[in-house]
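*Asks:* The structure follows.
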């Protein structure tokens, strides 16, 4: 399958090659100038893509003969203009490096979901175990859109190596962590690198693969992302049961290290990336920082609210107020910045774009809520072992707004479960003679720190705790179903809008 879609030979004549390069450079200067002024319209981009497809990127592909031989594969970066060639062997090595990173992204996204309760048990911190997943998602979400700008300024190779290094550094730190807070910090570091793994794979493939063949490679990349997710879900519990949960992180290091070595020797930067009008001032660091702070405070509120402190406690209200302030500051930064914004303000002014982005948030919310809750359901309520609890999980995640929805999905689901667990457990435990409020709180605190203690409780108490968990998880899943329904409604609106809006407009223009 891999060989059947490899671009084989490109034979532009000298005259045509000069014409192509000249046309590409001319178009690139126009696009860079418009991008610099932050006024690139979708019509201009579409016109540029169309002209690039017919003029610059009109290549012929032959059948793959399976022999590694000299091959010109044009490096056609739309933002950089000039062409660079890579050999067939280099092309295959580059794809191996990129696909290894894509696989790791999928693997890491599900392996943590299937083992976080076990990690929480070891550190006596089940109530805050959701941070293992969300700390990664927050930094990954914030830094993901920055890699495009960084790769244009610093070059593809150094960004690929840096992202992969940060990812495996975080994995190493997780494998050696001795405290839950250390683990959360290392997961955040891993997320900084992980946010660029899929992004850079897409960017580099856009550089070295012409548009006619790019769709096949993108489909294969998405397939590999899903396959990595399935592997993480299926093997996470098994690895934990046999070797311990730390090896779920350590096993990713050799693959990442191999990707770094291959990327260092074979990934080629566009020849004129330094000449690009992009500068470090064009990178939206302020927007990224405000987004990270806002999401972190939201997560902290959902984690400790209703648990360590009340929902409307002064500290909780202060957290949510600062979070809202930082979110407003983030939006105002995106509107006023001269850098390339994480969230282009034009999208907020377009109703069709807002529907698309809202769908992304809700899909991310629902998918990660299920990803987070299913291992708990199978381990606690249904009594499955950790090696079996991860088998029903298979998911993938992509892009900024879906990642934001993922953060909210994990945090809100954990918050709902904790809230209703306390309500249902207290209500039922009060009916047992001799169970006063102090004893009830002691039981709840004990099982929230280590779920394995449920099996050592009095049978009646254990049954009540299981019932409380099942009921609270049901509440969280009901809310996720509501989000799915809302997402379905938005999808219908999107289809109606598309039929009655842009398509009609295009027909009228014809």
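Every residue, even glycine, has its Cβ placed from backbone N, Cα and C.
All annotation found in TrEMBL is predicted automatically rather than curated by experts.
The annotation domain 'Major facilitator superfamily (MFS) profile' is assigned in TrEMBL to 94-510. The feature transmembrane segment is assigned by TrEMBL to 158-182, 188-210, 222-243, 249-267, 287-304, 316-340, 352-378, 398-421, 476-497.
Could you place the listed features in the three-dimensional structure?
*Replies:* Here the transmembrane segment (158-182) has Cβ contacts under 8 Å with residues 97-98, 101, 104, 108, 119-120, 123, 125, 128-129, 131, 136, 147, 150-151, 188-197, 200, 204, 246-247, 249-250, 252-253, 256-257, 259-260, 263-264, 267 of the same chain, all six or more residues outside its ends.
Remote same-chain partners of the transmembrane segment (249-267), defined as residues 6 or more beyond its termini with a Cβ less than 8 Å from a stretch Cβ, comprise 86, 90, 93-94, 96-98, 100-101, 103-104, 107-108, 156-157, 160-161, 164-165, 167-168, 171-172, 174-175, 204, 239.
Sequence-distant contacts of the transmembrane segment (316-340) (same chain, six or more residues past either end, CB-CB distance under 8 Å): 35, 38, 148-149, 281-287, 290-291, 293-294, 297-298, 300-301, 304-305, 309-310, 348.
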*Asks:* So if I exclude everything within five residues of the ends of the transmembrane segment (287-304), which remaining residues of that chain have a CB under 8 angstroms from its CBs? That is, six or more out.
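*Replies:* Residues 127-128, 130-131, 134, 138-139, 141-143, 146, 316, 319-320, 322-324, 326-327, 329-330, 333-334, 337, 339, 341-343, 404, 407-408, 411-412, 414-415 contact the transmembrane segment (287-304) from elsewhere in the chain.
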*Asks:* Compute the average pLDDT of the predicted model within the domain 'Major facilitator superfamily (MFS) profile' (94-510).
*Replies:* 78
